[in-house]
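Accompanying notes for the structure given below.
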Amino acid sequence: MSIPPNNLREFASQVFDYLIIGGGTAGLVVASRLSEKPHLKVAVIEAGPAVFDEPLINEPELFGEAIGTKYDWQFETEPQPGLAGQRVPWPRGKVLGGSSALNFLVWNRGHKEDYDAWVAMGNQGWGWDDLLPYFKKSETFHEPSLSEQEKNYSYFEASSHGIEGPVKTSHIQRFAPSLKYWHQTLENLGVEVNRQSYSGANAGAWNLISAFDPATYTRSFSANRYYLPVSQRPNLFLLTEATVEQITLEKHGEEWIAKGALVRHGEEKFIVKASKEVILSAGSIQSPQLLELSGIGNPEILTAAGIPVKVANPNVGENLQDHLLTTFVYEMRTPSNSPDVNLLRPRKVEETSDGPKVEEPSRAFLPGPAAYCPLFRMLTNEELEDITTRICPEILKSTKARETRLRDAFLSGKMLGAIEYIWYGETIWNKAFKGEPGKKYATIVQMLQYPFSRGSVHIPPMRDSRPITVDEKPIIDPQYCVGDGKIDLDVMKVGQMFADKICATEPLSHVIAGRVFPAKADDDDDDADVIDDYLRNNIGTEFHPIGTCAMGGFEGAKAGVVDDKLRVYGVRGLRVVDASIMPLHISAHTQATVYAIAEKAASMVLEDERSE
């Protein structure tokens, strides 16, 4: 039940069994599953509002329009030296449902080896076979008809999908006319059509599945699929528009125990108590922020911020990884009958008492035609060998699972999708490009899946004598394309050149005249410089930050923040459940994996509950 403001004191006077900080993608999954047990009292604290009738969220073809509104935390990175000093915007959901309410709806899974690498690092129970039941548990997949499969390349393997889970998923139903050329073109370049891309081997060309209900054509996200149907349970409590300032810890002997959270709602502050566990699900940016504000983290960072050190762990906020993204625009040869869509055209947003209203909302094609391409499909053996030599020597020599995993993407014959492409036919997806009237354009979005770049998220140091609070945004520094990450820029250059090759290959070349943004140089060497300069000034994020509260595996607290049960090292009764626990990135959008992580986490909590 949602807590009205006049019941705050009564709410604060209770003791809950489980307190969940963050009503986002993962937090609401855990809340829903734990509250299935009527004897457990579960509370959720969410900073944003509960919104179930907002078109910017609900209507799939308005994806991206809620970014930059009051439903977005509107974070941005520190200036990135590897990207010509850019500050990269990092939107995150500030609304019930979190980023599942703001994202681009894509629902896919990484390669089997992505998850098995977590196990190789010492995180037992997190391999592909372990997670598959939870992937399936979270979804109800709506199968396309045989005719749709053949016409739209909407293939699937029924045994890999769930049929009774909360999140409704489906292949998209509206495509740009140029869809019919995409898959055949990739096959002509040696990138085969993958008919079982959700079964643990995702390399190849295929059509993405999205998180929407095809019966109502509305977004399917954690708030309307996991929370709303069970919101009247008497043992489930939700407090929205409330800020958690820190996790309350008590010391018993030499042990710290999580006992609740200090919460601010309007002008009131109070402590919400938990008798069994506090579950932190604030995401890859704010989960480490709250740990640090609570005294858990690197002593140097905590001391500089004026925070007393309770549990020293220098790994908190480190290991930040993200998928890098960029877009190229191509002119189409002949006009089509499809609408002229500029996905990132700036639109006037008017904040009203009923929420943000967007002028002239766009109706974009949902992400559909895609490809996950191994590097050896893009390069000759000599070129592949040359780019491999640019990997940091320490990584080349290392026998650790993390470095071995990153190197694997460079092996000839290794079917790992190092680069993801999404084809937006008849669509402009570039805020800097303005097309000419009467012409049609298409966009290829390229996304790096196995980044070497590693960064951090930390609370800032004190600016005066006052300790840092939750109201001061954390310092987000992904360290794009510097240090070990310099090779990320080289790989993305390869990816963009291959994008040009895709558009110059039949049959797609029949409808593509050529690249117009950035404008292609006449000479190949000059064009390589054009691409390099463009990437440094235009690389952005795919909105997939992970790793800042990572599982430590074999090395435990020396390398991570949580164990393979997601329990925070050095604190009893505190877990982290969100994308921050992922130790190494995956070749997929993170949404479906976060749902699976949360489903597995809920099962682990209930298993511990039964063993008490």
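Numbers here mean position along the shown chain, with the first residue as 1.
Each Cβ is built from the backbone N, Cα and C atoms, and glycine gets one as well.
TrEMBL annotations: computationally assigned, not manually curated.
Per TrEMBL, the features are as follows:
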- 93-116: domain 'Glucose-methanol-choline oxidoreductase N-terminal' (DOMAIN)
- Val95, Asn103, Phe104, Leu105, Val106, Val244: FAD binding site (BINDING)
- 283-297: domain 'Glucose-methanol-choline oxidoreductase N-terminal' (DOMAIN)
- His544: active site, proton donor (ACT_SITE)
- His589: active site, proton acceptor (ACT_SITE)
What is the separation, in Å, between the Cα atoms of Phe104 (FAD binding site) and the residue listed as 'active site, proton donor'? 12
Among Val95, Asn103, Phe104, Leu105, Val106, Val244, the annotated FAD contacts, find the widest CA pair distance and round it to a whole Å. 30
For Val244 (FAD binding site), what is the tally of other C-beta atoms lying within 10 angstroms of its C-beta? 26
Tell me the residue counts in helix, strand and coil for the domain 'Glucose-methanol-choline oxidoreductase N-terminal' (93-116), as DSSP assigns them. 9 helix, 3 strand, 12 coil
Beyond the flanks of the domain 'Glucose-methanol-choline oxidoreductase N-terminal' (283-297) by at least 6 residues, Cβ under 8 Å: 21-22, 24, 73, 75, 90, 92, 98-99, 244-249, 305, 307-314, 316-317, 320, 457-459, 468-470, 474, 476, 545-549, 561, 568, 570-571, 576, 578-580
Three-class DSSP secondary structure - Val244 (FAD binding site): strand
Tally of residues which DSSP labels helix, strand or coil - the domain 'Glucose-methanol-choline oxidoreductase N-terminal' (283-297): 11 helix, 2 strand, 2 coil
Residue, out of the binding-site residues Val95, Leu105, Val106, whose Cβ gathers the largest set of other Cβ atoms within 10 Å: Val95
Spatial neighbours of His544 (active site, proton donor) among the recorded positions Val95, Leu105, Val106, Val244, His589, defined as Cα within 10 A: which are they? His589
Cβ neighbour count within 10 Å of Asn103 (FAD binding site): 25
At the Cα level, what's the spacing in Å between Val95 (FAD binding site) and His589 (active site, proton acceptor), rounded? 20
In angstrom units, rounded to an integer, how far apart are the Cα atoms of Asn103 (FAD binding site) and His589 (active site, proton acceptor)? 10
Pairwise Cα distance for Val244 (FAD binding site)/the residue listed as 'active site, proton acceptor' [Å, integer]: 28
